[in-house]
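Below is one structure; the comments refer to it alone.
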Amino acid sequence: METGGRARTGTPQPAAPGVWRARPAGGGGGGASSWLLDGNSWLLCYGFLYLALYAQVSQSKPCERTGSCFSGRCVNSTCLCDPGWVGDQCQHCQGRFKLTEPSGYLTDGPINYKYKTKCTWLIEGYPNAVLRLRFNHFATECSWDHMYVYDGDSIYAPLIAVLSGLIVPEIRGNETVPEVVTTSGYALLHFFSDAAYNLTGFNIFYSINSCPNNCSGHGKCTTSVSVPSQVYCECDKYWKGEACDIPYCKANCGSPDHGYCDLTGEKLCVCNDSWQGPDCSLNVPSTESYWILPNVKPFSPSVGRASHKAVLHGKFMWVIGGYTFNYSSFQMVLNYNLESSIWNVGTPSRGPLQRYGHSLALYQENIFMYGGRIETNDGNVTDELWVFNIHSQSWSTKTPTVLGHGQQYAVEGHSAHIMELDSRDVVMIIIFGYSAIYGYTSSIQEYHISSNTWLVPETKGAIVQGGYGHTSVYDEITKSIYVHGGYKALPGNKYGLVDDLYKYEVNTKTWTILKESGFARYLHSAVLINGAMLIFGGNTHNDTSLSNGAKCFSADFLAYDIACDEWKILPKPNLHRDVNRFGHSAVVINGSMYIFGGFSSVLLNDILVYKPPNCKAFRDEELCKNAGPGIKCVWNKNHCESWESGNTNNILRAKCPPKTAASDDRCYRYADCASCTANTNGCQWCDDKKCISANSNCSMSVKNYTKCHVRNEQICNKLTSCKSCSLNLNCQWDQRQQECQALPAHLCGEGWSHIGDACLRVNSSRENYDNAKLYCYNLSGNLASLTTSKEVEFVLDEIQKYTQQKVSPWVGLRKINISYWGWEDMSPFTNTTLQWLPGEPNDSGFCAYLERAAVAGLKANPCTSMANGLVCEKPVVSPNQNARPCKKPCSLRTSCSNCTSNGMECMWCSSTKRCVDSNAYIISFPYGQCLEWQTATCSPQNCSGLRTCGQCLEQPGCGWCNDPSNTGRGHCIEGSSRGPMKLIGMHHSEMVLDTNLCPKEKNYEWSFIQCPACQCNGHSTCINNNVCEQCKNLTTGKQCQDCMPGYYGDPTNGGQCTACTCSGHANICHLHTGKCFCTTKGIKGDQCQLCDSENRYVGNPLRGTCYYSLLIDYQFTFSLLQEDDRHHTAINFIANPEQSNKNLDISINASNNFNLNITWSVGSTAGTISGEETSIVSKNNIKEYRDSFSYEKFNFRSNPNITFYVYVSNFSWPIKIQIAFSQHNTIMDLVQFFVTFFSCFLSLLLVAAVVWKIKQTCWASRRREQLLRERQQMASRPFASVDVALEVGAEQTEFLRGPLEGAPKPIAIEPCAGNRAAVLTVFLCLPRGSSGAPPPGQSGLAIASALIDISQQKASDSKDKTSGVRNRKHLSTRQGTCV
């Protein structure tokens, strides 16, 4: 997209608000050649100018320093904008402008245009002058922000262009920019933008009586001799057309060998028989393709249309219906002679209303037209089926019979084909479309011509998503319909364009997903030529919140190879002008594609012809097989033939490039098994419910859709409206998420299967018919009525699971009379889903069972006979959510308030007075039919409902009639710049001027561009033309537009103000509704007539006031901080003493100053009748107050109904108030105090003693247990006695018997586990003094232990050393540790 601003070339000078004037340097009636730049210069100029202007405007500095008031003047550092301009730098248009100069510019401003803006320009020339508009730059949000161009001075004049999106030079630097022409001498341009996103806007040059496009630089602008005020182009040689923009006889047509140039006739090349092309440069046949624009006769603008349909019959292209700006001269039926290039108008006597978005299909001499939107009938989508007979030129209508439980959908934006099935039945197949009731339909509809019946068949294969504005072609070879693109509702409540390609096999009713094109679009065309589907044009805009440059109108040219499942991009038409469009039609004759009409800001009436290469031109086998793109050829017996004409004998098929399996990322987009496996991308369905590449590893995969189990979740997700969701009993509509969800499987119960709209159960028990029926009845069901193919397939699959026994179950089919069989649900047996076996039904049987033979079928049997099995059926138990009725569809809501009552679900178009689904706004108004839409607030639907001139001129179809008082009073009327208008027919185009509605002779003044200077709403005269002198009639405001405080009403346009009725509890009320702003907290109601009893407020505001009832001994806090409390200046309280022998204390404080009054009363009517209360306290401007009321003084005992009233007033918002009433003794009772104190102290002491005693007991118990464990452990240790000989000097102890021999021995050895180490324990004699005795206080002996290695000792030694150790117990078993 182009991001630059609008360039003003030359030396522009401001001419009027909203226009910039530039005088051309050359003559010729204001031509523009002197300042035209090439495309690259435009882009560069736009970029620099945009950056410079944006750098100024975006800075929030005083305008005196920056000088950045774009359309205004700087006064006191503030921009004062010229009329029609707004913004802090006056940079956005917002209003109406009148341009009277012979040429000039108009623009929306220097930067991106404003959100939610409406701007209108009236260019006024003189009657019947030719006015030309050239769009040097145009960039708006496609399909949402539009510029409307009318050939006249109001929106009731003929509409000639609706511009939207990006319109800039695209292919060549010298490419001509679009030009729009009006012939009335006036042009009204109205621009509307919504609140989504904005772009750089537009720069439009206009000129009056100038040559078209300045003769495109290929001619001279000349003044007409007969009419001096008119000019025309004298074209240079080899250029023709009104603007000299059509080249002819290039290279002199290759004369004389190839052809010659016809200079006297139509000025084109006349080729010799062996040459073709616009310049006779291609052979016949040719290996190259080319485009041409034939000379059409007559070339009437009324032929132009979009969203029409065309079919080919012989040499005639029949065009029926379509959208046009003006239906008054619209021809419903046209035919175009493809040989002579002549249009003819069909003149049937009677027929259908004009429509667009319908379908056409040809069968023999009849053209079948179905559905579409009837623009002249409130925009309703119809389900009418009309037949046009070509021979008799007459219409007839058909009313088909809908079979079964099907539905006939009224749709638009669908497609249709008629073919003969293998069953010899001729069927018209209607594909997808949008229904105003059921949303985007994904169903196939069949119309059987011979039986005049309608059917919605069940399809197999992939689960596809239907939409609006797709294209489809039927291929006789594959017996399939190929469907591409469209505008669809997508998951997650999203919607947009798609590039999907589906194949529908008409005989097997199977869907397959093919390779997508990579270029999303809708309202394009598609034809089938030589095995290739050619896609041309369409709307490719798919932006949401940010533009990425996608164009509304495309000239993209794509080719799909059916045999190889490959897409190719073909070159765009290389013609002398743009051919971008959408909403066109295309047919094929003699291998050439003819494109007609469409929309590209204007309604197109031209014919484009595409001549593809001819297979016969290829002489080589390899060249033949590799021909393309856009053509498919086969080699047959040494010559090349087209894909369709070749027979099956001796044919060498074309080569296809090898296909590789898709990546996992590509396969992840398929969320169900059927779509994953019924496509050509090479995917497989893995056991963990995920679609992955066929080359990826998977433990258990499904590669054929016939093995898939259809999940209701995937079917329900494709249903885009509550109505369509409710038709499928397996689905339910979630109102909060606004999506269709599958019903849970447990709705049937354990042992049952949820199939379609029923629960089925197969049992193998052997019963007769009556007992089988009783069995099902006990399960709250009945014998099954198998009326759908899904139910039959399920039962057959269940029967096959019984491998150990033969199951032939009873079904709910019995003989009603001698020739009639019926199901148990009273539906007739149609012999379609199930059939009788050969020889059946026999005369002896009155009940039927299902026999599983080589071919499954029914057999008749006596009802008393036994059968092996039965099939039960019961209805689905629907949850509460599904029981909720759907809301009224948007298309059935007839008022703005009803349409916008449910948030963003619906959108109201005020100009067409239609309500549409939010996800279908684009397709409901594909050609900008809606001038303005609303989703919340509703404006008056007619001009008469607008009360002020400012409101009136905001609507492009209204004008203001100012009354003679010149005080701002008047009335708003539909009108034009010349005066008011009135409606004489049903459509707004049937408006005529009626100046009597605002008679000038009676001093009424008509205002269309700007309001009269004095706008005092009839309540004051003006001084200095625009200043209200003194507002009267209880009004105030700069324009006396508001009521004075204390009054309400709508004083605009002479309205009255009424005093507020607030029961004395408010001084002001809402200015318009009169709802009182009550000043006392707790009083509510429109007239302050109620107390807020739900929040403890009591009283009667009609006779007094309201009080908050306080509880004694509680503190209450009132935070008046919310916006709803802004008007509160008072709050009242009441309190009743609870004890008659205690004083009543009051405490009140607040965050702001307040006035306080306290009264008391014993009467029951106090608070409502003055004089009943006695004043106690009256304080002003305080923040805190405390007091005590004596029970003796006020005699609480004798006055049990005594009530204290507290009035807090005159405070400011916001405020926080705390108040409390309490009753307690004033003199402390010492006896009671000490009794209470000692009671508490002794209780606490007792508790402490008990806790201490419990603690001591627990401690003693734990100590005893610990000692016991220690004694047990000590008692379990090993022990022994040992003799010790002590020597003191040389003496021997007396009691030793015998001498000591050998070395000293240990007193103990404790071997470790493994007997490789031990702990040795010995006695040691400590050093002694000279006396041989140890020092005083010390022992002479000590015990020492050491770890020793005993692995090298002899066994005998070890035995000796350990012989003294006895009673050894609990030796450790852990290696390397001692005991």
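A Cβ is built for glycine as well, from the same backbone N, Cα and C atoms used for every other residue.
Swiss-Prot lists Cys63-Cys79 (among others) with the feature disulfide bond, giving similarity to another entry as the kind of evidence. The Cβ of Cys79 (disulfide bond) lies under 8 Å from the Cβ of Cys63, Ser68, Cys69, Gly72, Arg73, Gly87, Asp88, Gln89, Cys90, each of which sits 6+ residues away along the same chain.
If you look up Swiss-Prot, you'll see Cys81-Cys90 (among others) marked as disulfide bond. Secondary structure from DSSP puts Cys90 (disulfide bond) in coil.
Annotation comment: Swiss-Prot describes Cys211-Cys221 (among others) as disulfide bond. In this view, Cys221 (disulfide bond) is surrounded by 21 other Cβ atoms within 10 Å of its Cβ, with every protein chain counted.
What Swiss-Prot records for Cys215-Cys233 (among others) is disulfide bond. Around the Cβ of Cys233 (disulfide bond), the same chain contributes Cys211, Pro212, Cys215, Gly219, Lys220, Cys221, Thr222, Glu242, Ala243, Cys244, each under 8 angstroms and 6 or more positions distant in sequence. In the three-state DSSP reading, Cys233 (disulfide bond) counts as strand.
For Cys235-Cys244 (among others), the entry in Swiss-Prot reads disulfide bond.
The disulfide bond feature in Swiss-Prot is assigned to Cys1014-Cys1022 (among others). The Cβ of Cys1014 (disulfide bond) lies under 8 Å from the Cβ of Asn966, Thr967, Gly968, Thr1021, Cys1022, Asn1025, Asn1026, Cys1028, each on the same chain and at least six residues away in sequence.
According to Swiss-Prot, the feature disulfide bond maps to Cys1031-Cys1040 (among others). According to DSSP, Cys1031 (disulfide bond) is assigned to coil rather than to any helix or strand.
Cys1057 (disulfide bond) falls within a strand when secondary structure is assigned with DSSP. Per Swiss-Prot, disulfide bond is recorded for Cys1043-Cys1057 (among others), and the stated evidence type is similarity to another entry.
Residues annotated as disulfide bond in Swiss-Prot: Cys1060-Cys1069 (among others).
Spatially close to Cys1076 (disulfide bond) yet at least six residues away along the chain are Cys1060, Thr1061, Cys1062, Ser1063, His1065, Ala1066, Ile1068, Cys1069, His1070, Gly1085, Asp1086, Gln1087, Cys1088, judged by Cβ distances under 8 angstroms. For Cys1062-Cys1076 (among others), the entry in Swiss-Prot reads disulfide bond, with the evidence type similarity to another entry.
For Cys1078-Cys1088 (among others), the entry in Swiss-Prot reads disulfide bond.
The C-beta environment of Cys1091 (disulfide bond), restricted to residues of the same chain at least 6 apart in sequence and closer than 8 Å, consists of Gly1082, Ile1083, Lys1084, Tyr1097, Val1098, Gly1099, Asn1100, Pro1101, Cys1106. Positions annotated as disulfide bond by Swiss-Prot, on the basis of similarity to another entry: Cys1091-Cys1106 (among others).
The feature domain 'EGF-like 1' is assigned by Swiss-Prot to 53-91, with sequence analysis given as support.
Per Swiss-Prot, the feature domain 'CUB' maps to 93-209; the stated evidence is sequence analysis.
Look at Swiss-Prot and you will find 207-245 tagged as domain 'EGF-like 2', backed by sequence analysis. Across all of the domain 'EGF-like 2' (207-245), the predicted model scores a mean pLDDT of 88.
Annotation comment: Swiss-Prot describes 614-657 as domain 'PSI 1'.
The DSSP breakdown of the repeat 'Kelch 5' (533-591), given as helix, strand and coil counts, is 0 helix, 27 strand, 32 coil.
Counting same-chain residues at least six beyond the ends of the domain 'PSI 2' (666-709), those with a Cβ under 8 angstroms from any Cβ of the stretch are 460-464, 510-515, 565, 659-660, 717. In sequence order, Cys69, Ser71, Gly72, Gly87, Cys90 make up the list of same-chain residues 6 or more apart from Cys81 (disulfide bond) whose Cβ falls under 8 Å from its Cβ.
Taken residue by residue with DSSP, Cys1091 (disulfide bond) is part of a strand. Between the candidate disulfide-bonded residues, Cys1022, Cys1031, Cys1088, the densest Cβ environment within 10 Å is the one around Cys1088. For Asn763 (N-linked glycosylation site), the nearest of the recorded positions by C-alpha distance turns out to be Asn898; the candidates were Cys235, Asn898, Cys1031, Cys1043, Cys1057. Looking only at other Cβ atoms within 10 Å, the busiest spot among the disulfide-bonded residues Cys211, Cys235, Cys1106 turns out to be Cys211. For the pair formed by Asn76 (N-linked glycosylation site) and Cys1040 (disulfide bond), distance between Cα atoms is given as 26 Å, rounded to the nearest Å. Under 8 Å, Cβ to Cβ, and six or more positions away along its own chain, Cys1078 (disulfide bond) finds Cys1062, His1065, Ala1066, Lys1084, Gly1085, Cys1088, His1127, His1128. Secondary structure by DSSP for the repeat 'Kelch 3' (427-475): 0 helix, 25 strand, 24 coil. Look at Cys221 (disulfide bond): DSSP puts it in a strand. Taking Cys235, Asn380, Asn778, Cys1031 as the recorded positions under consideration, the smallest Cα distance to Cys1043 (disulfide bond) is found for Cys1031. Nearest Cα neighbour of Asn778 (N-linked glycosylation site) among the listed recorded positions (Cys235, Asn898, Asn1157): Asn898.
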